[in-house]
Amino acid sequence: MEVEASMNVVMEEEDERELTNRVICQLTDSEGTPLGAPIFLPESAGPKELQQLVNKLLNNEEKLPYAFYVSDHELVVQLGLYLQKHKVSVEKVLTIVYQPQAVFRIRPVTRCSSTIAEIRMSFIGSLCFISNVSVFISYNFWVAGEYIMDFMREDDVVDFGHTEAVLSVAFSPDGCQLASGSGDTSVRLWDLNTQTPLFTCKGHKNWVLCIAWSPDGKHLVSGSKAGELICWDPQTGKPSGNPLTGHKKWITGISWEPVHLSAPCRRFVSASKDGDARIWDVTLKKCVMSLTGHTLAITCVKWGGDGVIYTGSQDCTIKMWETTQGKLIRELKGHGHWVNSLALSTEYVLRTGAFDHTGKHYSSPEEMKKVALERYNKTKGSAPERLVSGSDDFTMFLWEPAVSKHPKTRMTGHQQLVNHVYFSPDGQWIASGSFDKSVKLWNGITGNFVAAFRGHVGPVYQISWSADSRLLLSGSKDSTLKARVWDIRTKKLKQDLPGHADEVFAVDWSPDGEKVASGGKDKVLKLWMG
């Protein structure tokens, strides 16, 4: 009995000691800046207690949500359980990184709400002949608010949907419109309320390879395999002027000057297979600057938030250009093969300008510029803008171009060429899609590898993030869309969204988070909803 009593006393003392155990912790932001001095936290503390602590230390009047990471692993349990599971020593200071989360949550897309394929309606006399009836049954005879029979004439032909592969899709910055470019030489604008064609924009002579909305939503520019660019008015579907010519080979990329630097938006930069980049002014309707210096084709281009243009090339280099005279600022070297893709840590706010998930619109360019600058500064923080590059050499580099011409980190792990790289909207993560059939997730600050998402059985062509940085979308040669896709917290595939009959070339997630668009070789544009 005495032995049993002694055992009970010892166990009670151990339980009491476990309850009173403390871990010395240092809270830091993603850039490594400490939040106060190291503090002792009980092992029973979890994400809820840490959120309360961080909000208090930051003096947040409105309590904000945060996620917490230890060595790139999200802390979702009590400290004691985490330390025990990962065998972390408590003799050293434990660094806990806090990351602000979006105050809104994007609902994962789960279903295809619309399939827009080629439909031809021919009218001969009073008869209407429809091809591809199986697709057409999801439509009615209303297009852009007009009853189609009211304006059809004898021998008229109406086309719905693209007649060749869909090569590019892009939502407008406010998420209200969708544009698509196709091998049928047309650009199409879609009414997202009725999910029917709004305008068919014709003028290109060859495949439409890329499209880009201005951050204020006033312009849409498309570039073709013939090398010309056309600026469209999204409200009418009409070109704003004659095609912009000057490139000798096809267009490989388009990027607009950020609206926080210039409002209303006037200038954009185009990159071409001919090895040059050109800055155009849509008001003057001409090229105002040529950026020459690459020895091979330019594959990608970005206009940064600090006013610097970045071009990636098959000559294995990335060049930085200032935009007042078009002079070369710096050259970034390191890749051993073609540079295929570039992404900026501030890219989401550069693309959306003043627009966010609330759908608010603005009465003047000045107001829009002010709000866009606030959003940019909030995303950028005190750290320099970061750039990530993906290459045919199977590697990626993380750069801080304003600080150094040398890469911050070399990121390895892909077994084949890296086709697309993309920062999450909050800049905390980097996703990469590769011909090795995988999508990989990396820390957007350090470049450290975090997780690999496997599920595709073909090369991954393009990826896109949800506005809250919690979900990732990918399109592949295997004709599937991995959506609801990759959950960043669990690092797992949630759901396949099959439906395309062939390779998926283009995907985009709307800025309001409600819709996903995909297009591919099957000539079909699909809209997906939650």
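Each position is counted from 1, following the chain as shown.
Here the Cβ of each residue, glycine as well, is placed from N, Cα and C on the backbone.
A TrEMBL annotation is a machine prediction, not a hand-curated record.
Mean pLDDT across the domain 'NLE' (23-82) comes to 89 in this model. Positions annotated as domain 'NLE' by TrEMBL: 23-82.
Sequence annotations record features per position, and here TrEMBL assigns repeat 'WD' to 159-200 (among others).
Residues annotated as repeat 'WD' in TrEMBL: 201-242 (among others).
Under the heading repeat 'WD', TrEMBL lists 244-290 (among others).
What TrEMBL lists as repeat 'WD' is 291-331 (among others).
Secondary structure of the repeat 'WD' (411-443) per DSSP, as helix, strand and coil residue counts: 0 helix, 19 strand, 14 coil. What TrEMBL records for 411-443 (among others) is repeat 'WD'.
Residues or ranges marked as repeat 'WD' by TrEMBL: 453-482 (among others). Residue counts for the repeat 'WD' (453-482) under DSSP, split into helix (H, G, I), strand (E, B) and coil, are 0 helix, 16 strand, 14 coil.
TrEMBL lists 497-530 (among others) with the feature repeat 'WD'.
Against the repeat 'WD' (411-443), stretch 453-482 shows more Cβ pairs under 8 Å than any other of 201-242, 244-290, 453-482, 497-530. Outside the repeat 'WD' (453-482) by six or more residues, the chain places 101-102, 104-106, 108, 348, 356-357, 416, 419-420, 422-426, 428-429, 431-441, 488-489, 491-494, 496-509, 511-513, 516, 518, 520, 522, 526, 528 with a CB less than 8 A from a CB of the stretch. Here the repeat 'WD' (201-242) has long-range neighbours at 164, 167-174, 176-177, 179-183, 185-189, 248-256, 258-259, 263-265, 268, 270, 272, 274, 280, 282, 285, 350-355, 365, 368, 372, meaning same-chain residues at least 6 beyond its ends whose C-beta is under 8 angstroms from one of its own.
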